[in-house]
């Protein structure tokens, strides 16, 4: 016979287990504040915050009243704090358009570099004025700051392209961390994050170089680092004053950025060249990539009609609205000559030379198309998001880079044998056709793309899980100071051991001087003795 006590013990055990699980859930649930950057950057951080919500965290996004992609939805589980600003969406659109056209018309070369940076300086000044409004909209808004103080946030995750997230975190007294793709020549990562970057084999971001450099390329690399350092130091001047004013003490933007607990870098070793890095730098490239989903019926039927030839996916990203009529006709003419069907994301006027094998779409499910077994190639502008989707699914690329990191991204893919590049400004229909035939017909491009895909998938932890882990880690431990290198506490001459080198040089010089003096003294002494003996 079974006693009542035998049932009571398991019941108490179950109650205790449920209580512990509930307590654990409460402990692990945190409050995360997001300081994003608009555009394609938002697409990455949006994936992170969606995963945080899935893990029972509360997420609040600070967004301006004039954004392109960051739209608050009443039904969304995300909380949005809208920052009032005087500029409009049209101002942001205009700034991005000017940036794209500057890069297309004056892509940095030895002949155009000064004209390029002169115009870039004007755009940076405009961006500074917009960014300052965003900062003031939070830091000089007592009501908003009071609400944020009451929010009980555990961590702030910021995209440093939009400056001030770190400043907001310091004013709230909470740890902060960054999520970023890069800064030109890794200037921010080197000077503020203290990551090592030997110029002999670490190519400067935007230099379009690889880790295998000739003597001439190493000269170019050294100049690239120095030039970007100069530009950033000039740009940081105004921010240094602003940061000092807000914090009420002398400081710099870079010193403040150096307080970041973790840097989530949106690349990985399938893309990057081997280089040294620090324990608080985590590579999470491709965190937005997912297995392909079924396509809309009409799109699937169009793809299936391609037969064994397959399809080509063509997209120049979300930032490029359309091309000139001449350029669109040139591209359409090349696409019409390949046996594959083409899905082209394009919003401009229908090209007169458009072939029967090509369909235009205002929007395409890019990730799902790249994951389709009939996809043979991807024509891309070289944005990091698109490149990682191609890596994830093992699709070779034809790069048509236009601005920012795109030329550098395509240079990485070319070096790894997974892409061919064509120049948007100078390409002909024959150039594009030749590039397409190369990546489709030469097996090495598909093989290299699949090799990168295998590397990407063969990770102990998925990129998204790794990113979220480190956010939760900072919340659990109130920071990650144990991963912060002592380089942050050194002056520039201590960091480069110039004081030690100087001391040793003085010691060696003194020793050499004393040896010489001893030799001279000995020579004089023995010389006098010799002369005295001769006289005797």
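Every residue, even glycine, has its Cβ placed from backbone N, Cα and C.
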Listed as N-linked glycosylation site by Swiss-Prot, one of 20, 58: 58
Cα separation, residue 58 (N-linked glycosylation site) to residue 356 (N-linked glycosylation site) (Å, whole number): 50
For the glycosylation sites 58, 356, the one whose C-beta sees the most other C-beta atoms within 10 angstroms: 58
